[in-house]
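Student: Would you mind keeping the following structure in view while I ask a few things?
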Amino acid sequence: MKDLKVAVVGLGYVGLPLAVEFGKKRTVVGFDINQGRIAELRQGIDSTLEVDAAELKEASELSFTFNLQDLQKCNVFIVTVPTPIDEHKQPDLTPLVKASESIGKVLKKGDIVIYESTVYPGATEEDCVPVLEKFSGLRFNEDFFAGYSPERINPGDKEHRVSSIKKVTSGSTPEIAELVDSLYREIITAGTHKASSIKVAEAAKVIENTQRDLNIALINELAIIFNRMGIDTEAVLKAAGTKWNFMPFRPGLVGGHCIGVDPYYLTHKAQSIGYHPEIILAGRRLNDGMGAYVVSQLVKAMLKRRIHVDGARVLLMGLTFKENCPDLRNTKVVDIVRELAEYNIQVDVFDPWVSAEDAMHEYGITPVGTPSHGAYDGIILAVAHSEFKNMGAENIRKLGKAEHVLYDLKYLLDEDKSDLRL
């Protein structure tokens, strides 16, 4: 164990916190193909805000590089690259394959490659390992080995950090499984769970987020029903929540790099073996349609107040996929922006957490620096940033015209302080 030198490949929201924790204990090389990312990390800056300068400094054994040759001294490679979906909602393994190609070029006999990226069951051994074999010329489970330990990072969550979240581990042989588990036990104070196989660990990860996606879909459907009945959904959920085993989910937009993406990995694999999943895809359709539903509700409310919709101005408060973090990946707030444009509504997006450069690069959106007072026909509270909560209803209302509609998607305000709630 003492001889293990770790390389963490991919230094985003998942890889960097992991590299920092290992860097407090042993030699670690953090690798990323983004040279700008490496430059900022070398300066002690993390633009994702997951790790602060003090934590980076504390990881005294951690170095950063974009040079693949610097990984030759490592014998354990942990892959933490994104696993997105394409425009057809099919798994896009390109980052994973490219990372495997790179590692294959520096892989040596006895080395171990551990994947943390969310995949469908079988991806590690069926998709990644052959790439490692091809580019290294080595044989799997003879010359090199594999492990899988799914990430459970929750971006922006300062309470549930890498070390305090229980970790599932696995390996391609019983001996490697034990070694992988021992390695993670060095940094995971919450403990580990050694799965019986890599496929079991892969499946466990993908159903964690699929289950959450379906639970939110159920609550979203209930919210639509209760809205038609004139019943406040939050009040219903509070009442139902008094029973000990009622699960406290809330309605809303389902975006981000995990919950709105991972179910498609599982359904893809299911379809490839001849099974068409009904419930999982139904939940995805419902959640993917929430942006359009929100806009339809807003437009109806505006029409009831005789607010002219064509050419109206709407302020969208929040663009990130979740509160109090700058992560824009797969944010479903963009669906609201696009749907409003279908009504020829002018949209201003305000989000103090977002880099204007990132918003333009990812979605072609230029956020406003400061919203104009008395300028908007509609205001949508789309993300529960602390800044918005601290503003209070009165200050938020001041941004609207004398006649406007305030739609609170996130229950940031008391029921009587907004005009619409999800």
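The backbone N, Cα and C atoms fix where each Cβ goes, glycine too.
OK, Swiss-Prot features for this one:
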BINDING   VAL14, ASP32, ARG37, THR83, THR118, ARG329  NAD(+) binding site
ACT_SITE  CYS258  active site, nucleophile
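Give me the structural setting of these features: burial, nearby parts and distances.
Tutor: THR118 (NAD(+) binding site) carries neither a helix nor a strand DSSP state and counts as coil.
Look at CYS258 (active site, nucleophile): DSSP puts it in coil.
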Student: Look at the binding-site residues ARG37, ARG329 and tell me which residue has the greatest number of other C-beta atoms within 10 angstroms of its C-beta.
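Tutor: Comparing the binding-site residues ARG37, ARG329, the most crowded Cβ belongs to ARG37.
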Student: Same chain only, sequence gap of 6 or more: which residues have a CB within under 8 Å of the CB of VAL14 (NAD(+) binding site)?
Tutor: THR80, GLU116, SER117, GLU151, ILE153
Student: Take the C-alpha atoms of THR83 (NAD(+) binding site) and CYS258 (active site, nucleophile) and report the distance between them in angstrom, rounded.
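Tutor: Their Cα atoms are separated by 9 Å.
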